[in-house]
Amino acid sequence: MPHSSDSSDSSFSRSPPPGKQDSSDDVRRVQRREKNRIAAQKSRQRQTQKADTLHLESEDLEKQNAALRKEIKQLTEELKYFTSVLNSHEPLCSVLAASTPSPPEVVYSAHAFHQPHVSSPRFQP
């Protein structure tokens, strides 16, 4: 029996007395809260940084989208212009009148050395 009391005495010596237990728990709790506060602050900073990055990316994409819409509008106008030029040229063109219907690539390649009947500033050197 004395042996068992020694072991129980040694177990009491391993854990701090009740007053010290409370203060060490308090210290751990304060440390854990501080660590958690810092982790939460870092998480909020990362979230803010991510939102800022997404906002800048969104603005950049909006600018690209506006530029592409402007280019589409310009190309559509150019297409209308060239379609109009082609339509006004077809009745005057002897190459088109003499040829049989063929794919557009062939018709346009026949025009490679043909002088355009266009007096537009676009075609002026």
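Cβ from N, Cα, C; glycine included.
Taken from Swiss-Prot, the feature compositional bias 'Low complexity' covers 1-14. Residues or ranges marked as region 'Disordered' by Swiss-Prot: 1-58. Per Swiss-Prot, domain 'bZIP' is recorded for 26-89. Taken from Swiss-Prot, the feature region 'Basic motif' applies to 28-50. Residues or ranges marked as phosphoserine in Swiss-Prot (evidence: similarity to another entry): SER43. Annotation comment: Swiss-Prot describes THR48 as phosphothreonine.
Of all the Cβ atoms in the protein chains shown, 10 others lie within 10 Å of the Cβ of SER43 (phosphoserine). Of all the Cβ atoms in the protein chains shown, 10 others lie within 10 Å of the Cβ of THR48 (phosphothreonine).
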